[in-house]
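Taken verbatim from TrEMBL:
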- ASP36: active site, proton acceptor (ACT_SITE)
- ASP176: active site, proton donor (ACT_SITE)
- SER9, HIS67, GLY143, PHE144, GLY145, GLY146, ASP176, GLY177, GLY178, GLY198, SER199: substrate binding site (BINDING)
- HIS34, ASP36, HIS67, ASP176: divalent metal cation binding site (BINDING)
Amino acid sequence: MNTKLVAPSLLASDFANLQRDVEMVNQSEADWFHLDIMDGVFVPNISFGMPVIKAIAEHAKKTLDVHLMIVDPDRYIKTFADLGSNNLTVHYEACTHLHRTLQAIKGEGMKAGVALNPHTSVNLLEDTIQDIDLVCMMSVNPGFGGQSFIENTYQKVSELKNIIEKKNSKALIEIDGGVNATNAKKLVDAGADVLVAGSFVFKSENPTNTIKNLKEIIN
Ligand code: DX5
Ligand code: ZN
């Protein structure tokens, strides 16, 4: 079995102590930094942008997993590559020419991810799954941290896992939203490879231990 990964979402970190929280993740057993970029159009919220990502990238020592919740993401692919993103995930619902977008992301040397809103069927990825490195399955409606996990995610994960195997794709399945110690094991059992966790990590008493516990639960 492959090692299952944990990606703390900095959206839930303390922005007034961002360097401290980035260093905490560096020192922890976490695998990736998950960065949520929101434009106030694709989702109702606005998170943070380029100057903040640049500051994070200067301190972060692990993979930068960037989740774009923005319209027309093609405009910014090169910018995010230049900022040091390793994975760049766009929303299926925001891309008219998804295949082209994926090639453009890979052309800039990044791993290409596609995020699916809770209402979007995994079957829609059948024709692109071989070009995708990472599927970010939203288990809440995107836009905010701290929401409750949507239960039919397990079913969607198993369906997606079947498509990945059937098509011989190497895509990883990432779960984003409401992840905690209660649903983590069931998610990896259904086929998940990467768990994003925001509030569960950063709002806990000891985020380093919370990450360690999550890693133990899923591996
Ligand atoms: C939601 C974001 C998530 C969010 C997860 O739109 O994509 O990455 O930060 O936060 P929690 O783990 O608190 O649901
Ligand atoms: Zn996210």
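Cβ atoms are placed via backbone N, Cα and C, with glycine included.
Annotated features taken from TrEMBL, shown on the structure.
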residue : record                             : Cβ within 10 Å
SER9    : substrate binding site             : 24
HIS34   : divalent metal cation binding site : 29
ASP36   : active site, proton acceptor       : 25
HIS67   : divalent metal cation binding site : 28
GLY143  : substrate binding site             : 18
GLY145  : substrate binding site             : 22
ASP176  : active site, proton donor          : 26
GLY178  : substrate binding site             : 23
SER199  : substrate binding site             : 18
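Between the C-alpha atoms of GLY143 (substrate binding site) and HIS34 (divalent metal cation binding site), the distance comes to 14 Å.
Annotation: no binding-site residues among GLY145, GLY178, SER199 have CA atoms within 10 angstroms of the CA of HIS67 (divalent metal cation binding site). Apart from the site residues SER9, HIS67, GLY143, PHE144, GLY145, GLY146, ASP176, GLY177, GLY178, GLY198, SER199, the chain places the Cβ of LEU11, ALA12, ASP36, VAL140, PRO142, GLN147, VAL196 no farther than 8 Å from the centroid of the site's Cβ atoms, the recorded substrate location. Filtering ASP36, HIS67, GLY145 by Cβ distance to ligand 2 (under 6 A) retains the following recorded positions: ASP36, HIS67. Residue pair the residue listed as 'active site, proton acceptor' / GLY178 (substrate binding site) shows a Cα separation of 14 Å. Excluding HIS34, ASP36, HIS67, ASP176 themselves, the residues of that chain whose CB lies within 8 A of the CB mean position for the divalent metal cation site are, in sequence, ALA7, SER9, LEU11, LEU35, ASP65, VAL66, THR89, CYS136, VAL196, GLY198. Spanning the residues SER9, HIS67, GLY143, PHE144, GLY145, GLY146, ASP176, GLY177, GLY178, GLY198, SER199 that the record associates with binding substrate, the maximal Cα-Cα distance equals 17 Å. In space, SER9 is the closest of the recorded positions SER9, GLY145, ASP176 to HIS34 (divalent metal cation binding site), judged by Cα positions.
In this structure, the C-alpha atom of the residue listed as 'active site, proton donor' lies 9 angstrom from that of SER9 (substrate binding site).
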